[in-house]
Amino acid sequence: MATLIRSLSDHSNDVNCCAFSSTCLATCSSDKTVRVYSLRDFSELPYSPLRGHAYAVHCCSFSPSGRLLASVSTDGRAALWDTRDGRCLALLGRPRGCALRVCRFCPRGARLLVGAADGALVLWDTRSLSAYRSGNVKDGSLVACAFSPNGNFFVTGSSSGDLTIWDDKVRCLYNEKAHDLGVTCCDISSHPVSDSENGFRCFQMASCGQDNQVKLWLILFANFLGAELKYKCTLNGHSAPVLTCAFSHDGQMLVSGSVDKCVIIYETSTGNTLHTLSQHTRYVTTCAFAPHSHLLATGSMDRTVHVWQLDLKPSCAGSAEEPKSRVAAEDWSEDDVSAWLCAQDLADFVGLFKMNNIDGKELLNLTKESLANELKIESLGLRNKILQKIEDLRTTMSSVSAPVPDEFLCPITRELMKDPVIAADGYSYEREAMERWVSSKRRSSPMTNLPLPSLLLTPNRTLKMAITRWLEMQQK
């Protein structure tokens, strides 16, 4: 199971990225800061927060030794920090340069890969503080990157939907259209695949995108044949754009986070859902596994970072995904109830509920008395916890009796719009959410990441009438 062991709420704006070293957790935010915590007790280090960026910090990454921490920002700079004392060792890039989106250290040397909103990528030498090689993605913004475990190649993802394989001299080896609406993140497993075909060297990669999908790929290499990206499968579960994905240190698990506010943990070998975490209240923007342990960090636009301890029990593997919301709780089978218990961190009660044939109807009729007298649950705290989860389930089921049409949801908040407006990019947003977006000096479209030609917001009265009619129908 996944146990929430710490919630960090020090950032005053969206959390954009989190990263682990062997001893520290780093987080960065649109509040322009990077914060660093000790893994011993998750206390913030004395030199934290790190201040040096003029605008939002989009990404942070530790060097292989953990001695350096890199961060990149809308201000066009990549900062290098000394993790021993928090000193800023260098600012790489040009003042007022193009916004930087991602950064990753090469596993085998003092090289830092930085990607920009205009599609440019630069491989920096962190010893000489000079640009070693540079390149440009085919189209769109560079929004994702990942190195192979040996550092011989890396992969980039773009807002146009392309995944591109590069060698360590920044020569393009292969390009693939992977996600129709744009790539948002990618990661390469640190463990090569052992059953590679035809003698190819084979690495497993995950990518996610605006198309709501998480995809698994094989990266194949052969002498004289170059590189190839081979599609393996799609992992389902998210109902909205997936913003982040990451492999565990042993490659056995994959985690993803989405605009649907959920975190899903998959078993890599089977694609089964091991657990669904739904504690964040806004978009999940980042997730990362710690090296050599089963610690997981997830960050969100709700300004929090949750730290989880994973202790996955085989009895719940493959069945921990909650029953689909389209099935009313009173119609759940006993297996559906077992899956719900696992998803609510109540897996210890699966056997008891099955022994007493608790299906959905029985679940909703449970009381304090029946839990104590019939199911023999002695702990008052556990009885109250179960009843609270059941009450939350009743509330959720009553509020989602019919799924909200996606076009009625604001792309920024993913909540039902009350005052929809049309922006210059042609998309409709909740007025308050879009006004906050542009007031924070963001002049790019939340949907396309392209510059907005105008900040004019036009009321979408047709959409507002359609939403009103839909709400009236739900009340009948």
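Note: Cβ is positioned from N, Cα and C throughout, glycine not excepted.
What TrEMBL records for this protein:
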- 8-47: repeat 'WD' (REPEAT)
- 50-91: repeat 'WD' (REPEAT)
- 105-134: repeat 'WD' (REPEAT)
- 146-167: repeat 'WD' (REPEAT)
- 235-276: repeat 'WD' (REPEAT)
- 277-311: repeat 'WD' (REPEAT)
- 332-396: domain 'SAM' (DOMAIN)
- 403-476: domain 'U-box' (DOMAIN)
For the repeat 'WD' (105-134), the number of residues DSSP places in helix, strand and coil: 0 helix, 18 strand, 12 coil
Spatial neighbours of the repeat 'WD' (277-311) far in sequence, C-beta under 8 Å, 6+ residues away: 1-9, 11-22, 25, 27, 29, 39, 42, 243-249, 253, 255-259, 261-265, 343, 413-414
Same-chain residues at least 6 beyond the ends of the repeat 'WD' (235-276) whose Cβ lies under 8 Å from its Cβ atoms: 1-2, 181, 184-191, 204, 206-216, 282-294, 296, 298, 300, 310, 312, 316-318, 320-322, 342-343, 414
DSSP residue counts for the repeat 'WD' (235-276), split into helix, strand and coil: 0 helix, 22 strand, 20 coil
Across the repeat 'WD' (50-91), average pLDDT on the 0 to 100 scale: 95
Secondary structure content, the repeat 'WD' (146-167) (per DSSP, counts of residues): 0 helix, 14 strand, 8 coil
